[in-house]
Every structure is written in C-alpha cells, then in structure tokens.
Amino acid sequence: MDVGSTGDTSADYFSPDGAISRWKFTVSRQYQHFLDKTTPHMLRRWIGSLIIACIYVLRVYLIQGFYVVSYGLGIYMLNLLIGFLSPQVDPEIQELYDGATLPTRGSDEFRPFVRRLPEFKFWYSITKAFCIAFVMTFFSVFDVPVFWPILLFYWVVLFTLTMRRQISHMIKYKYVPFSFGKQRYDGKKASAESAGHSTD
C-alpha cells in the first residue's frame, strides 16, 4: 500500500500539473526574495515608482484616452493615502473604551505613531496599481469615452474634502503621521525638574 502511494506521489511530481505548481512556487519565492531585498532602499523604491507613474501619465497623454482608468487609479491612491496617514487604532474608537491612545500632553508617555497602512505596503500597492493601469491601456475595452475635466474636478473636490477631514482628525487627536527621528532624553530638562522636586 505504501509503495503504491509513493508511486502516485512520484507520478504527481513528474506530471505537468506538478511541474507548473513547482514553477509557480519558485517564481513566487524569488519574487518575495526580491521584495525583501528592496525593503531598506526606500528612496530608490519611490524613485522607481515615480518613473513608472511618469511612463503611465505619458502614455495616457499620448493616446488621449483611458480617463476612467486614471480616475479609478486616483480614487484608489486616495484610499491608500488615507490608510497611510491614519493610525492603526483609531483614537476616536479607542477613546470610547479606555481613553486616548496617543499622547495629548507633554507629560504623557511617548508612543510612536503606528500606521494603519505601513510604508512598504503603501509603496507596493501604488506601484502595482500603476503597473495594472498601464497594462489596461493596451485594451480598448477599458477606454470608456468620457468628458475628462468633470472627472478631474470631481476628484479634486473629493481629495480636498477627504484631506480636510483627515487633517481635522489629526488636529483633534493631536497626532502627526510622520516621525522625525527617535525622541531623545533631554538631560537638562530632567535635571531641572528633579531640582524643582528637591526644593519642594
């Protein structure tokens, strides 16, 4: 019985389906290895994405079409941007349970800002979206005739309203979605506070 099962396994291994699954696994592993290697090179990644975006914009400009695809790409990027600027735990929801999760006073404990959408996933999603949109420009079925200034105006209005709501949320809960280096221990301030406590 074991010999038969081993024979079936070896037959599956050398079958066309087994070869395809092995090839897919190898390609996905190499692709993931490439992504892991690009993780620390943030500036180079974003420069590459900017080049891809410029190629897409140039193609849309030259063929004068695919405005609906570009509009959908813009809406998707706006959604990604909101996730990138938002904290992982919404302070408005967390406040209902156990108070604010982010420091609101100088005496509060420092807590680093944790994004809902990390930088790498933000970059990867944008780059993948531009690549998919670029491929879609080669299929005329996606070239829906539309008056593009209306789409552009609607996207600008949507972007303005969304960002204004996001900025007001940031001001209300006093958080900044960008870190400017590690917060350092201020010895002078601490010694002044300890001197004030000793005099008391």
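Cβ atoms are placed via backbone N, Cα and C, with glycine included.
Over in TrEMBL, the protein carries these features:
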- 43-62: transmembrane segment (TRANSMEM)
- 68-86: transmembrane segment (TRANSMEM)
- 122-140: transmembrane segment (TRANSMEM)
- 146-163: transmembrane segment (TRANSMEM)
Inset, instruction - Sort out for me which stretch, of 43-62, 122-140, 146-163, has the most Cβ pairs below 8 angstroms to the transmembrane segment (68-86). - result: 122-140
Legend entry - Spatial neighbours of the transmembrane segment (122-140) far in sequence, C-beta under 8 Å, 6+ residues away: 35, 42, 45-46, 48-49, 52-53, 55-56, 59-60, 63, 65-66, 69-70, 72-73, 76-77, 80-81, 83-84, 115
